[in-house]
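What Swiss-Prot annotates here:
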type	residues	note
BINDING	S35, G36, A37, G38, A39, G40, K41, T42	ATP binding site
DOMAIN	14-351	domain 'UvrD-like helicase ATP-binding'
SITE	L256	site 'Interaction with GajA'
SITE	Q259	site 'Interaction with GajA'
Amino acid sequence: MSLSKIIPSNKKEEQKSINAIFNSIDKSEGIIFNSGAGAGKTYALIESLKYIIRNYEKSLKQHNQQIICITYTNVATKEVKERLGNTDLVLVSTIHERMWGLIKDYQKELVEIHKEKLEDEISSLKQKLEKGQGYEKFQELEEDLKGNFKKIMIENRELFFQNYSAKAAEVKKSFKILLNDYPNMLKNVGNFKRIVNAIYKLDQYSKCYENISLNKQGYKSVEYNSIYNNDQLYKMRISHDTLLDYGLKIIKKYDLLKQIIIDKYPFIFIDEYQDTDEKVILIMSYLEQYAKKIDHKIFIGYFGDTAQNIYDDGVGSEITKIHSGLKQIDKVFNRRSTKEVIEVINKIRNDSIEQISIYDDCEGGSVKFYKGTSGNVKDLIERYIYEWKITTENQLHCLVLTNKIVAEYSGFKNIYEAFKETDKYKGSNYNQLNTELLSNDLSKLGEIPKLLFNIVRLQNNLVDKTTSVIDITPKESLFDEMSIEGLRNLIKLLKQYQGKTLGEYIESISTVYSQVNDENYKKIIDWTFGFENITFELFKNHLIEKLFNNILDDDVDRATATIQKILEVDIVEYGLWYKFIMDKQEEKVIYHTYHGTKGREFDNVIIIMENAFGRNHNYFNFFFENFLHPDVLEGEKKLNFEKIKNLLYVSCSRAIKNLRVLYIDDVTDFESEIKEMFGEVYPF
């Protein structure tokens, strides 16, 4: 088995689906290209791009036109660029980078949309202050007292944030004299903070709105930067989700912009369409509709697979409801896995796409399903480390259901445990932790995880001798007018940071920041942190504000203690977390969440499975119990079944050669269904 000898008749048959894409390209006919896991979707995408270059290069260059290819991740962007080769005709990027490229030059229109966003936010904040729960003490005040209270708090913003993480008694003491006329306001410090935070936001947004209206310098353009995963609307800065909102609004509203995009980019490809935000699909639909209206040509091609839709924010099978009239082209050949793996994933998928290997030498893989207990996990892994001759060059990839296990086995258990205790990620928000702390897609990291990632990346880049100076910050203009000596001094300043823990490292940054007067140095630090005038206390309070929003008096000590845990984690552990996010782990056994393997492929895969997943205690058992008769399911149960099926399909289809599954709960009630899928169930 080497998966190298392509059967000529299969190659010829596969080419028919590729030719169908070419035919639609020539006719400017929108398509959905569905291909199962390992089918060579990227190959088909590359071939389509090459076809356009071969046949339309002269015309594209004459009309100053280009091809857009939107990928789901930066890793995919890199892969497409490498496989496509050097060309200026194709713009390959993630959706956020491309969306910004399409709209960033229309600042007048963007500022108007930003102004509308501010209006909505201002209205929402006023509503909270006037009628919201938790704001009652402010609502009880007379209008003149409300105005005076706002004035006092705005003038004492620094004092407020200095005491943000302090105990209730200390907060009351700090504001006792200032708020002498407001005896009821400090009775509940949690509500006091909630009210004041709303006042500060309202003040910032109102000033920004006014400055836009007055056409003041600094308020004439909107900025998007991929490093931040949070909006700072009052600074005219937007993040990922808001960028897509603005993109949809501006393209929907302005026909001239639609025509400019259509005429400049007559070919648009979207990779992994099933995981793409609905707003992007809407934009594409508007473009195609308008192209038909003005009788201009545009080709829009969606490449992906609805059976691999595993993210809640992806459009999935709803795509045809949003963008109608698309031609469907399916591909059934598998270019990744052995015959043994393909047979299993076909049974899991169980739809119109039944894959066969494109290769003649596709036999020789192995699939086994074990039943056991959690106590068997370590022994199973050890067995296959020996049997499969696992090394750092021939790694074993183990998929586990819980973030806790991934974090523990990957070396950053303390980071995970600390974040799990925050209000942001506990209770009903627990499932967010999977994506916002462990995602390899940086745009999906939570606001605070992304902030810590930026800091650890800076630390990593400073100690890594292979990192270029430019990689320390994307703001290349910082270095334009700097001498070599100035550059050396800047790097020397940055390398002064010391500290065994994250907290000590941040304190070190804060100390240097307060002592030096180097404008470029401060720009790099401000850019890394996302805010200015860095102090250790400000940083701690920022973490509390974001991870324990509107905490009550009784919770201040708990919040402070949890933030302290985050700060006391060894910087080396943060380095291991950084490697996990960047997919640069070097161990023999690599641990993943099920979701974290999307788009990947591995020779050797072990999947640990149980009934429960997250807060759902009847997850995979529900799927297996209904596997033979899914048609009887309706509504939420049907949607849940499809979601679980997709996740299992994605997970099992990562395997190239060897696949093992260990189910660590009792399978008696659905063992026959497992046998239908995997052939046999072996006791471990």
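Including glycine, each Cβ sits where the backbone N, Cα and C put it.
These figures come from a predicted structure and were not determined experimentally.
Structural mapping of features recorded in Swiss-Prot.
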| residue | record | Cβ neighbours (10 Å) |
| --- | --- | --- |
| S35 | ATP binding site | 26 |
| G36 | ATP binding site | 26 |
| A37 | ATP binding site | 28 |
| G38 | ATP binding site | 22 |
| A39 | ATP binding site | 25 |
| G40 | ATP binding site | 20 |
| K41 | ATP binding site | 22 |
| T42 | ATP binding site | 19 |
| L256 | site 'Interaction with GajA' | 9 |
| Q259 | site 'Interaction with GajA' | 16 |
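According to its DSSP assignment, L256 (site 'Interaction with GajA') is helical.
Across the structure, G36 (ATP binding site) and Q259 (site 'Interaction with GajA') are spaced 35 Å apart at their Cα atoms. DSSP assigns S35 (ATP binding site) to a strand segment in the three-state reduction. Rounded to a whole number, the distance between the Cα atoms of T42 (ATP binding site) and L256 (site 'Interaction with GajA') is 33 Å.
Counting in whole angstrom, S35 (ATP binding site) lies 31 from Q259 (site 'Interaction with GajA') by their C-alpha atoms. Highlighted in sequence order, A44, D305, K331, N334, R335, R336 have their Cβ within 8 Å of the centre of the Cβ atoms of S35, G36, A37, G38, A39, G40, K41, T42, the residues recorded for ATP, and are not part of that set.
Cα spacing between A37 (ATP binding site) and Q259 (site 'Interaction with GajA'): 36 Å, rounded to the nearest whole number. DSSP assigns T42 (ATP binding site) to a helical segment in the three-state reduction.
Averaged over the domain 'UvrD-like helicase ATP-binding' (14-351), the predicted model reaches a pLDDT of 94.
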